[in-house]
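Participant: Not my notes, these are from TrEMBL:
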{"type": "DOMAIN", "residues": "8-128", "note": "domain 'SpaO N-terminal'"}
{"type": "DOMAIN", "residues": "154-213", "note": "domain 'SpaO FliM/N C-terminal related'"}
{"type": "REGION", "residues": "226-246", "note": "region 'Disordered'"}
{"type": "COMPBIAS", "residues": "234-245", "note": "compositional bias 'Pro residues'"}
{"type": "DOMAIN", "residues": "248-314", "note": "domain 'Flagellar motor switch protein FliN-like C-terminal'"}
Amino acid sequence: MSARYPLLRRVAPAELPLYRSAQTLRAAGEHATLRTIAPPPGYAALRATWRGVEHEGWIDVDDLMRRRYPALGALAWRAFDKRYALDLLSGQDAAAELPAPPGGWAHVRLVDLVERELPAEPLLCFDAPGRARALFRAFPDEAPATRAVADVGAVPLVMRFAIGTARLPLALLPAVAPGDVLLVRTPRNVVRIGAHALCEFCWEGENIMLNEPLSEDAIDDLHDERAAAEAPQDAPPPQDAPPPTFDIDALPVTLEFVLQDERVTVAQLASCHPGLVLPVRGAPGEVTIRANGRPFGCGELIQVGEQLAVEVKALWFAKPAAHDGE
């Protein structure tokens, strides 16, 4: 297993279902742990049925005999042929001693006796006071009724009403100044929740109306464009030369023009539907300019010929203007 995070608890992917079951059972008060062990000789293999599904496990036969027939002396029950005990203890006797899912096991069968060493494997181990020791390969995965359920309806979201994007190389970004006009190269009215495109919208005057949800095929992810070619590699620099720096000037920056952000909860978003009309919050035509998702400035929508554009009004992260002699 990777030692990338040496201080963290490690769970192998194959063990994750059992790990989750152990956590759920412990939260419900069960004495359950996940261990990599072999069923010991003398344990009985069992099949326990719940809702039509059989679950494989093992139970300590000596422990089970002692608990079901306490009147027998230690020598008496140890003298029993344990294979006879498989038939004697199958059914309700075994079911009464096993940890059980909600509603209990429908049927429990003791099917075989462990008589030789078996390979170790991840098993769910039950060792609760007052019960026979038992092991399971898997356990019915149903959360108990008392388990807390998260109120996802109150989770906050942001509906971003974007009217389009433009792309420019990083080297040109510092040259953007108030009064500049940026052409909206890909005009499209899209409501986004994070990186997910939810639907398109119509905007006119002081009202916004939601359109039909976007299908997967219709979602145009503007951030997936990549450079088509790579620069050829130069000869390695001399050993005494300073290390080369990355050429970042040509890196693309996506400018997104946002009409407004609407803060809602999951419950409020679930009640939205095509045709819903929302008010425009800001001044008519005012947009926020975001550079790779970060607020960069604000501007006003204008039309240049037949093209939608944004006139930059203010930059929120502009450097102070340089004075003569500096």
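Just so it is clear, glycine is given a Cβ too, placed from its N, Cα and C backbone atoms.
Just so you know, TrEMBL annotations never went through curation; they're auto-generated.
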Participant: Please count the residues of the domain 'SpaO N-terminal' (8-128) that DSSP assigns to helix (H, G, I), strand (E, B) and coil.
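Facilitator: For the domain 'SpaO N-terminal' (8-128), the helix, strand and coil counts are 42 helix, 35 strand, 44 coil.
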Participant: Reported in the order helix, strand, coil, what are the DSSP residue counts of the domain 'Flagellar motor switch protein FliN-like C-terminal' (248-314)?
Facilitator: 5 helix, 42 strand, 20 coil
Participant: When the pLDDT values for the domain 'Flagellar motor switch protein FliN-like C-terminal' (248-314) are averaged, what is the result?
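Facilitator: Value for the domain 'Flagellar motor switch protein FliN-like C-terminal' (248-314), mean pLDDT as a whole number: 93.
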Participant: Run through the domain 'SpaO FliM/N C-terminal related' (154-213) and tell me, per DSSP, how many residues are helix, strand and coil.
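Facilitator: Computed counts for the domain 'SpaO FliM/N C-terminal related' (154-213) are 7 helix, 41 strand, 12 coil.
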